[in-house]
Amino acid sequence: MAKMEVKTSLLDDMIGVGDMVLLEPLDEDSFINNLKKRFDHNEVYTYIGSVVISINPYRSLPIYTPEKVEEYRNRNFYELSPHIFALSDEAYRSLRDQDKDQCILITGESGAGKTEASKLVMSYVAAVCGKGAEVNQVKEQLLQSNPVLEAFGNAKTMRNDNSSRFGKYMDIEFDFKGDPLGGVISNYLLEKSRVVKQPRGERNFHIFYQILSGASEEFLCKLKLERDFSRYNYLGLDSARVNGVDDAANFRTVRNAMQIVGFMDHETQSVFEVVAAVLKLGNIEFKPESRANGLDESKIKDKNELKEICELTGIDQSVLERAFSFRTVEAKQEKVSTTLNVAQAQTKVRKKVMGVLDIYGFEIFEDNSFEQFIINYCNEKLQQIFIELTLKEEQEEYIREGIEWTHIEYFNNAIICDLIENNQTGILAMLDEECLRPGTVTDDTFLEKLNQVCATHQHFESRMSKCSRFLNDTSLPHSCFRIQHYAGKVMYQVEGFVDKNNDLLYRDLSQAMWKANHSLIKALFPEGNPAKINLKRPPTAGSQFKASVATLMKNLQTKNPNYIRCIKPNDKKAAHIFNEALVCHQIRYLGLLENVRVRRAGYAFRQPYEPCLERYKMLCKQTWPHWRGPARAGVEVLFNELRIPEEEFSFGRSKIFIRNPRTLFKLEDLRKQRLEDLATLIGKIYRGWKCRTHFLLMKKCQVVIASWYRRYSQQKKYQKIKSSTITVQSYIRGWKARKQLRELKHLKRCNEAATVIAAYWHGTQARRELKRLKEEARRKHAVAVIWAYWLGLKVRREYRKFFRANAGRKIYEFTLQRIMQKYFLEMKNKMPSLSPIDKNWPARPYLFLESTHKELKRIFHLWRCKKYRDQFTDQQKLIYEEKLEASELFKDKKALYPASVGQPFQGAYLEISENPKYKKLKDAVDEKIIIAEVVNKINRANGKAASRIFLLTKNNVLLADQKSGTIKSEVPLGDVTKVSMSSQNDGFFAVHLKEGSEAASKGDFLLSSDHLIEMATKLYRTTLSQTKQKLNIEISDEFLVQFKQDKVCVKFIQGSQKNGNIPTCKRKNNRLLEVAVP
């Protein structure tokens, strides 16, 4: 429902009829059709007054969210759509505010959703009650009790994967504030026979499968169990696994729930030890033996299982074996008296209580036995108290409201209950008497007794009863009897009635259990205590169940009842399927039509005056839109105005009572029509208001726009005048400025003319003076030169006698030495840096030093290279040697080489020693790995690539699988003859193997790598180091590769690629592989 949608009644937007009391006409077909219509629209809840009908949708619906809880919290029961939360809230508020103990009775057949309904009730109560650490702990314990009860009491059946095999009644105790204090759980008629035998297609109790699936190996070993289901005879194998059920996860949930509920660790261990012992009991087999006196006895075949059971339970093996094989009969008249303990003797403080009863519904099968008999007896009692409490509630409301109570005719099933439970002539009494009497007792003698005692009862039929009209009807066999229950006739097979009613446990077994050192088993069998032996025969199963039902009925009568009737829509446990025949069958035995008839026998609908007036006040002018007086007076005026017949309604003290649903639906139709008229009126008024508002807004906008326009117009006029004024001023200022400029220019030209004339005059004078000075300087220089030459001549004449014939050569050598000295001193100051890549060198000063200059440059470069190399470590020297080798092999030959120069050679790209993924590969390779890289191995068949790990060691080349690390190929370096590659910018290369070698059996390898230059260089150097022979590196755009027996040509071509700049390989024919390189 959208957030703005607010429902004030279940009549709003009703799908079908939300309350069956308002159904018209009331018959079985209309009842079923109404349920089906609501079910098809995901409305799984329907009311019968205060009773909730719940249909199992077999899927998750978004109607149980925290938002839904808040929606139904503190709301009137009929205020919102039918929901289990509405009933839960009504019960909780009555308990909290009115101090009335409540009980919620949940009934229906297996698979109808009773257990889920009880969970929803408890979860709602837990959500709306108080908060706090202690309160939250109690709420969590109450909620977590469900997984524990389901594990030990639920099982998969043909009808339900989580069928409750016991009746459960939980009393939740609250304090005066409405906060939970704790709970008490009672169970009824646990299906004990399921432990030892299950029908085909069904399972044992959940706990057996959960412990085997979810317990750890260590825990199973402690319990002496194995995980295999087939090892245990008590577990049926045909349905051991259930789709959608995770037994292992459920086991963890159960253990956690047991801890939250309050089980200590040793108590949980004790419980699971008992479960394990029960499982192993099913594996014990007996074999017959003859004693010396001729009597037969039984012995245990394999005592290993018995030994393990004794170790789990702490029972002496001989004691347990004797208890299994012998029976002791005693005939002593002893009487033991025991006193009450403190817990039993002290009285309890009064608390508020809410009971939740989750019990099996009426059962009618093809073969009905003792279990169905007592289940149907319980449902008869529940139907009896249901009718009584419903009538009592109706009568109390009529008296409280001052309405005259009229007697309601209905079927009273007290006669059926008396037929079953009468202490003298009841069927249960006859069954107990038959079980206790001496002599031969069989199921047939029990049936004969019933035929004698109950022959005249109108609800009992058998082949021999006087009321039976089917003496010749083969549908009623001799070994059966039929009871006409309130829900229909049920035929019971008497076979097994006596044995199931006895339900005896021999004293030998109980005493053996009591002797156990296991505290839980000892507590489970208090009757085995020798100090408390009671020779009185224990009560029968029927009498025990009768007493527990009587206690339950007494408990329910002290509480205010609330009912949830669960219905299963189909037997397939599938969503969206509504089987009308199956639903009709359940409606009959749940007595839902009878419930509706009782509810509407007087007045079908009642409602407090305030919400009634609020809902229908628009139908009368006097009450619309507001009524100022009392609500009752307003309702009276309203009904008088509508002229509703007086016999159709009555006025109570606080409620209006409407007799016929047609009257209510007439009111609803009038209300719907009036709402449409009101919607039209509201629309008209709204449109008028909207138009007026729009007009006023337009008028206001016009005034604002006009004022703004007038201001804009005046601004534009002012700006135009201002612009004109500025233009005129600028013209006048310009004229004045130009006039002044002309005057200044004339004055400036006059001043400049005088300056220019003076400058020219000064220049002429300066040039004349300069010319005179130059002439005088030339004369002085000529005198100095002549004088120098004269002095030189004199010197040469004076010293000529001192020079010998080779004086010229010495002068030449002296001059040359001085020139060289000067050259080297200048070189010292102009020397370049010590970087080997620095190409700077000083310019040559003299032509005759050309060769010397070049040699010095070469020597200096070699010297600084040596200085640079001396700084290298051994590892760096090896890297540069490899780079130098790569340069000699691929420079100017392979287009891929320039891109590899700046990339360091790493070798180990995969880190095999550190990556745990390659542990297997590391263990397989003993040698040092020189290079480890992922390459693509080309398939010659289709040209496609497969990833491989390429490993190069000192002696071998290896190819391994990238995912598993398994070595695919291992080639000695001596068998590698050549490596071929193209001259283009690609990473493809072929490794050629020696013909006739073991490695060459599959042919050469055609590979592709992103580090081709490094791989080829390292392979070349390693091969040279090991074999002392140079590996042939062939660089060609077309070469042959040997594949097994065939030679295939690999051809490299230029071409555009769809996948970017990645080279692709494609098979053209059997002899050609074409590689397209971008």
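Note that Cβ sites are derived from N, Cα and C of the backbone, with glycine treated the same way.
Long-range Cβ neighbours of LYS114 (ATP binding site) (same chain, at least 6 residues apart, Cβ-Cβ under 8 Å): ILE106, THR107, GLY108, SER164, ASP358, ILE359, GLY361, CYS566. What TrEMBL records for GLY108, GLU109, SER110, GLY111, ALA112, GLY113, LYS114, THR115 is ATP binding site.
Annotation source TrEMBL lists domain 'Myosin motor' at 15-672.
Taken from TrEMBL, the feature domain 'TH1' covers 894-1078.
Shown for the region 'Actin-binding' (549-571): DSSP residue counts in helix, strand and coil, namely 9 helix, 8 strand, 6 coil. For 549-571, the entry in TrEMBL reads region 'Actin-binding'.
Per-site Cβ counts within 10 Å over the binding-site residues SER110, THR115 peak at THR115. Tertiary neighbourhood of the region 'Actin-binding' (549-571): same-chain residues 35, 39, 48, 50-58, 84, 87, 90-91, 94, 100-114, 117, 121, 159, 169, 186, 188, 353, 355, 357, 361, 377-378, 381, 385-386, 389, 577-579, 582-583, 586-587, 590, 592, selected by CB-CB distance under 8 Å and a gap of 6+ residues from either end. Sequence-ordered, the extra residues of this chain that approach the ATP site, with Cβ no more than 8 Å from the Cβ center of GLY108, GLU109, SER110, GLY111, ALA112, GLY113, LYS114, THR115, are ASN56, ASN160, SER163, SER164, GLY361, CYS566, LYS568. On the 0 to 100 pLDDT scale, the region 'Actin-binding' (549-571) averages 85 in the predicted structure.
On its own chain, GLY113 (ATP binding site) has SER54, ILE55, ASN56, CYS566, LYS568 as residues at least 6 apart in sequence with a Cβ closer than 8 Å to its own Cβ.
Between the binding-site residues GLY108, GLY111, GLY108 has the most other Cβ atoms inside 10 Å of its own Cβ, all protein chains included.
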